[in-house]
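Participant: Copied straight from TrEMBL:
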type: DOMAIN; residues: 21-174; note: domain 'MARVEL'
type: REGION; residues: 189-235; note: region 'Disordered'
type: TRANSMEM; residues: 31-51; note: transmembrane segment
type: TRANSMEM; residues: 71-93; note: transmembrane segment
type: TRANSMEM; residues: 105-131; note: transmembrane segment
Amino acid sequence: MEGMQAYGAGKAGGAFDPVTFFQQPQTILRIVSWLFSIVIFGCIANEGYINRPNEVEEYCIFNRNQNACNYGVFMGSMAFLCCIAFLALDVYFPQISSVKDRKKAVLADVGLSAFWSFMWFVGFCFLANQWQVTKLEDNPLKEGGDAARAAITFSFFSIFTWAGQSFLGFQRYKLGADSALFSQEYTDPSQDAAGAPYTSFGGDDLESPEGGGAVGQANSDGAFDGTGGYQRQDY
């Protein structure tokens with residue numbers, strides 16, 4: 001019974017082990033995705049806007065398309081926050097005692113991770129296409145080229161890190177769904193015992209041996225009413 005787990009975590013109330021937590025594949029993927037989002041956001045925000053030598057206003061390095069840079073910055077910042085939220089949920093997850101709440105958390109993990117994987121696929125295709133059609137005269141000094149390629153590369157890697165999180169979340173869901181121990185709500189046995197009526201051991205309808213009741217009552221009355229006294233036996 002102690003070895004059984006509900007959706008990848010044991011019984012609620014256990015002590016948090018940071019070493020075991022950071023060694024889990026799901027935690028590693030979340031941290032890697034978090035780092036990738038920082039790289040993408042930082043590359044586009046810092047070096048993603050350039051201008052021609054004869055211009056003052058800066059434009060997006062990806063084919064002067066502001067939507068491309070806005071998409072990368074927005075996705076990077078939101079993925080950063082989402083990774084932090086998921087890491088906090090993983091820390092709190094073993095403390096959730098309700099199996100239904102655990103199921104909702106795991107399903108949310110599967111759905112959102114798959115969503116982010118798809119969005120990074122769209123972002124990779126969008127940024128790669130806009131970078132491919134960028135004109136050389138828009139950036140004659142080739143400024144920010146390394147940052148643009150880094151954003152595209154880590155967008156591609158993010159597809160697989162988020163897909164891996166979705167896959168691991170689905171494995172946790174199957175672990176909980178296939179477990180017969182957690183298929184029903186848990187009921188404390190002590191509460192069932194407390195609700196049951198108390199029954200005496202002997203019972204009121206216990207019949208005494210034949211004639212034993214009257215003899216026992218007489219002996220008892222004679223012993224304790226003070227009238228019987230001591231009877232001398234004649235030999």
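Using N, Cα and C of the backbone, Cβ positions are placed for all residues, glycine too.
In TrEMBL, annotation is done automatically, which means it is predicted and not curated.
What does the local environment look like for each feature on the list?
Facilitator: Within its own chain, the transmembrane segment (31-51) is flanked in space by residues 22, 57-62, 69, 72-73, 75-77, 79-80, 83-84, 87, 116, 138-139, 143-144, 146-148, 150-151, 154-155, 157-158, 161-162, 165, which lie at least six positions past its ends and keep a Cβ under 8 Å from the stretch.
Sequence-remote contacts of a segment are chain residues at least 6 beyond its ends whose Cβ falls under 8 Å from one of its Cβ atoms, and for the transmembrane segment (71-93) they are 8-9, 16, 21, 24, 26-27, 30-31, 33-34, 36-38, 40-42, 44-45, 48, 102, 105, 109, 112, 116, 119-120, 123, 126-127, 151, 155, 158, 165.
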Participant: Taking every residue in the domain 'MARVEL' (21-174), what is their average pLDDT?
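Facilitator: Over the domain 'MARVEL' (21-174), the predicted model scores a mean pLDDT of 92.
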